[in-house]
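S.K.: Okay, so TrEMBL annotates it like this:
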type	residues	note
BINDING	THR32, GLY33, SER34, THR35, ASP87, GLY88, ALA89, ASP90, LYS99, GLY100, GLY101, GLY102, LYS126	substrate binding site
ACT_SITE	GLU108	active site, proton acceptor
Amino acid sequence: MKTTGGSDAAKRNAGESAADLVTDGMVVGLGTGSTAAHAIRAVGRAVDSGLDVRGVATSFASRELAREAGIPLSDLDEVNGIDLAIDGADQIADGDLVKGGGAAHAREKIVDVAADRFVVVADPSKEADRLDRAVPVEVLPAARETVAAAVRSAGGDPTLRSAERKDGPVVTDNGNLVLDCEFGPIDAPSALAATLSETPGVVEHGLFVGVADEVHVGTDDGVTVRELP
Ligand SMILES: O=C[C@H](O)[C@H](O)[C@H](O)COP(=O)(O)O
């Protein structure tokens, strides 16, 4: 699994702290990325020890990992709601997030928003005063140019994400493309999120505004838990 940012120990402390919130009978949203992976492995170990849960994966990668970890899985349309979702982030400011570094943000947003409680797991490198990371925007392939033009009109600079290990672009789990859109510091995340959501051809963007309930930031020595208003 691709890793970014801080140390693996910090990510593990965050992931394991969030996994401790999982209790018997829960349906758990399983996020994507190197930090959420630690939570998935910890839930898997708890399942091994007798915990009775079902997982809903947010990507092909998280489903594979959860299978390996022995977590029973269901699709989102087979469960009656999600009790808790645990997911990583590429950047966090004032509780708002940029996600989608692994191009999984469309399914992540469905699961994270559906959850009664959404816990973000991160290392300190993800924290910022203001969001300023490029915003990943998943687009229908046919809408790549029209969405890029709309992003430019909104003051952004879109770049088609290309794959590292094959010629050509990244194709998401949903068969779409990703435009990484630089907007510089984002002063009004809600307004930008609304603009992107309203653009025809946008499947989903990586701004998660006002969605998270709690942030677990791991360090090499421990974890800080912050509840969000
Ligand atoms: O598409 C990927 C996701 O939004 C990840 O949750 C995000 O990129 C954070 O991943 P990591 O924990 O590896 O930094």
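A Cβ is built for glycine as well, from the same backbone N, Cα and C atoms used for every other residue.
Note: TrEMBL annotation is automatic and uncurated.
What you see is a predicted model, and the numbers here were worked out from it, not measured in a lab.
Help me see these features in their spatial surroundings.
M.R.: When secondary structure is read from DSSP and collapsed to three states, GLY101 (substrate binding site) falls in the coil class.
Take the CB of GLU108 (active site, proton acceptor) and look out to 10 A: across all protein chains shown you find 31 other CB atoms.
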S.K.: Please identify, from the binding-site residues LYS99, LYS126, the residue with the sparsest Cβ neighbourhood, meaning fewest other Cβ atoms within 10 angstroms.
M.R.: LYS126
S.K.: Enumerate same-chain residues with a sequence separation of six or more from ASP87 (substrate binding site) and a Cβ-Cβ distance below 8 A; give 'none' if the list is empty.
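M.R.: Same-chain residues close to ASP87 (substrate binding site) (Cβ under 8 Å, separated by 6 or more) are GLY29, GLY31, THR32, GLY33, ALA36, THR58, LYS99, GLU108, VAL111, ASP112, PHE118, VAL119, VAL120, VAL121.
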S.K.: List nothing but the one residue from THR32, SER34 whose Cβ has the fewest other Cβ atoms within 10 Å; the candidates are the binding-site residues.
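M.R.: So among THR32, SER34, the binding-site residues given, the one with the fewest Cβ atoms within 10 Å is SER34.
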S.K.: Taking the binding-site residues THR32, LYS99, LYS126, which residues show a Cβ-atom distance to ligand 1 below 6 Å?
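M.R.: Checked binding-site residues vs ligand 1; flagged THR32, LYS99.
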